[in-house]
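If you check TrEMBL, you get these features:
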{"type": "SIGNAL", "residues": "1-25", "note": "signal peptide"}
{"type": "DOMAIN", "residues": "26-319", "note": "domain 'Plant heme peroxidase family profile'"}
{"type": "DISULFID", "residues": "Cys36-Cys116", "note": "disulfide bond"}
{"type": "SITE", "residues": "Arg63", "note": "site 'Transition state stabilizer'"}
{"type": "ACT_SITE", "residues": "His67", "note": "active site, proton acceptor"}
{"type": "BINDING", "residues": "Asp68, Val71, Gly73, Asp75, Ser77, Glu89", "note": "Ca(2+) 1 binding site"}
{"type": "DISULFID", "residues": "Cys69-Cys74", "note": "disulfide bond"}
{"type": "DISULFID", "residues": "Cys122-Cys315", "note": "disulfide bond"}
{"type": "BINDING", "residues": "His194", "note": "heme b binding site"}
{"type": "DISULFID", "residues": "Cys201-Cys226", "note": "disulfide bond"}
Amino acid sequence: MASLIRNILMTFLCVLLGFVCFSNAQLSGNFYGTSCRNLQTIVSNGMRQAVNREPRLGASILRLFFHDCFVNGCDASILLDDTATLTGEKNANPNRNSARGFEVIDTIKTQVEAACPNAVSCADILALAAREGVVLLGGPSWAVPLGRRDARTASQSAANTQIPAPTASLSTLISMFAAKGLNARDMTALSGSHTIGQARCTGFRNRIYNETNIDAQFAATRRATCPASGGDTNLAPLDIQTPSRFDNNYYQNLVARRGLLHSDQELFNGGSQDALVRSYSTNGVAFRNDFAAAMVKMGNISPLIGTNGEIRRNCRAIN
């Protein structure tokens, strides 16, 4: 009874004070222990097939999870297609023409449904798939707490305002992550996800043509495929050294002033995160440990649990 009253009071305080509340106590690593015992194997196999076909998909799925969690919590709202009655998040500015990998989640969901009908949420599949993508590209593993349910709504407006932009300053990054219950160390560790994946020319053009805290040879290399005008969708690796390998080279790049995005280089530009970036650049183990811990923390942002939300049969549409 006392614990129930305590939980009610905590929920009330979270709502009253606008806190982002973590629900790790309600999520469980063994949530599907009886209802879908082979879940993690199915997700792992699905991601292995996808990443073997296109290594970039590991980064794409990780980005989907990040963009999902930062908009009203990790509830698979990013997976919803637009309909006549629902405006999804896929066409929000941070996602339009850049969010990808949806078909990978569709395929895994179909396989999960065949094995465990109406049991596993799309939100949990995305959380597991994000981890598997990191592992397959050489990154750390972590225990994923499970039990999330799927949203029946989406918010394009929240996606437009709550996902950090590639032009964000350090202070903006710190405050936007803090709004989700993530501290500056979490933010710097999670930014290390840019050790994999690619960015579009439109996201870094201003940096390579107009900024001064950038290695001249690196800028010249990037300008070769990102013209001053046109070529907006031309791609460049976020990590010039090992673009398909999850390692700490991203931080070495920042120290060498070879961060591709403005928001990347902000982590090492005479500010509060310089020391941590230097530490990660020489201590890959510390980065891996902090990244894994921060991923668990991010995955616990405001999940729908209990009878909230639903278990979607199709990740693209509410039931």
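Cβ coordinates are placed from backbone N, Cα and C, and glycine is handled just like the others.
Rounded to a whole number, the distance between the Cα atoms of Cys69 (disulfide bond) and Ser77 (Ca(2+) 1 binding site) is 9 Å.
In sequence order, His67, Cys69, Phe70, Asn72, Cys74, Ala76, Ile78, Ala151, Ala154, Ser155, Ala158, Ala159 are the residues of the same chain, not among Asp68, Val71, Gly73, Asp75, Ser77, Glu89, whose CB sits within 8 A of the CB centroid for the Ca(2+) 1 site. Other Cβ atoms within 10 Å of the Cβ of Val71 (Ca(2+) 1 binding site) number 28 in total over all chains. Among the recorded positions listed here, namely His67, Cys69, Gly73, Cys122, Cys315, His67 has its C-alpha nearest to that of Cys201 (disulfide bond). Take the Cα of Cys226 (disulfide bond) and measure to each of the recorded positions His67, Val71, Asp75: the nearest one is His67. If you take the Cα of Gly73 (Ca(2+) 1 binding site) and the Cα of Cys315 (disulfide bond), they are about 16 angstrom apart, rounded to a whole number. The 10 Å shell around the Cβ of Cys201 (disulfide bond) contains 19 further Cβ atoms across the protein chains shown. In this structure the alpha carbons, written CA, of His194 (heme b binding site) and Arg63 (site 'Transition state stabilizer') are 9 Å apart. In sequence order, Ile78, Glu89, Pro94, Asn95, Ala99, Ala159, Ile163 are the residues of the chain that are 6 or more apart from His67 (active site, proton acceptor) and have a CB within less than 8 Å of its CB. The two recorded residues Cys116 (disulfide bond) and Asp68 (Ca(2+) 1 binding site) have their Cα atoms spaced 24 Å from each other.
Working note on the recorded positions Arg63, His194: by count of other C-beta atoms within 10 Å of each C-beta, His194 ranks first.
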